[in-house]
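Data first, discussion second: the structure below is written as structure tokens.
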């Protein structure tokens, strides 16, 4: 049976989702990332771990942080980076996803970093590579539909560990549009695997997916109750591009009911940290006083994201 992520030795072959990824693999990625964080402070920000390797970035959806940090991470590992312009590629002329992959593989690709609107697209690519005896080529999921965003989940775990040191006594709240969020799904799976005892999902009923309670998540529709004594707050934007129908009265009403203000932040523990995967919409899910405040670790998340993505690619490349 095709194993989507691990080889027969239990080593990472692709990174497609955090769901089902063993704790040992997650911790290995986080520990490896720790060794890469300081590279950004060096005069020469490079290590030769992927010299001679070709990394193809295939972003079928828009991205700023993920695409840029993957490119920086690849270059800091000394890989050759090819950014495919999807709008100008043959996929805009009707070429199928797998035909695109086959043609790029013929150019001796070593790794594909893929963001796609369709859930499961990275898995499809990984299976195709396995079926066509190209198991030496690795796939990293940079976000697929509403399904998963594993590197964001991993960098969120790195950030939490950096500031809180230990997962075993934490209460983590995820607030906002959880229904459409691949980040929320990846974070919930990672937090569960790492032993976080209490995960809370906070949002209006229309933006909370079914099945959260079965995953061990406590659900709150009252943000004031949900934020009480939490250690970590992960804010999520409204994903209007994925919404169909009127799920909310307005962005202003959402902020009034669920926006993170200084008053609401005060309900959390005094040393609580505030996170956000971006892009951030000020005045919708978070006010500027909180986003720019001392408890926000939103920009460090971006910095840590480079190291985490370096770790993932380095491990996949066999280092």
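Glycine residues also receive a Cβ, built from the backbone N, Cα and C atoms like all the rest.
Fair warning: this is a prediction, and the values are worked out from it, not measured in the lab.
Quick look at what Swiss-Prot annotates:
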BINDING   65, 66, 115, 149, 152, 278, 279  carbamoyl phosphate binding site
BINDING   93, 182, 237  L-aspartate binding site
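Structural mapping of features recorded in Swiss-Prot.
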residue	record	Cβ contacts under 8 Å, 6 or more apart
65	carbamoyl phosphate binding site	277, 278, 279, 302, 305
66	carbamoyl phosphate binding site	59, 115, 142, 143, 149, 151, 152, 305
182	L-aspartate binding site	143, 144, 145, 146, 147, 148, 149, 152
237	L-aspartate binding site	176, 177, 276, 278, 279, 280, 281, 284, 285
DSSP three-state call for residue 115 (carbamoyl phosphate binding site): helix, strand or coil?
strand
Let me know the most crowded of the binding-site residues, choosing from 278, 279 and counting other Cβ atoms within 10 Å.
278
Reading the DSSP string in three states, the entry for residue 65 (carbamoyl phosphate binding site) is helix
115, 149: which of these binding-site residues has the sparsest Cβ neighbourhood within 10 Å?
115
May I have the list of same-chain residues other than 65, 66, 115, 149, 152, 278, 279 whose Cβ is within 8 Å of the Cβ centroid of the recorded carbamoyl phosphate site, in sequence order?
63, 64, 142, 143, 183, 277
If you draw a 10 Å sphere around the Cβ of residue 152 (carbamoyl phosphate binding site), how many other Cβ atoms fall inside it, taking every protein chain shown into account?
26
Structural state of residue 279 (carbamoyl phosphate binding site), classified by DSSP into three states
coil
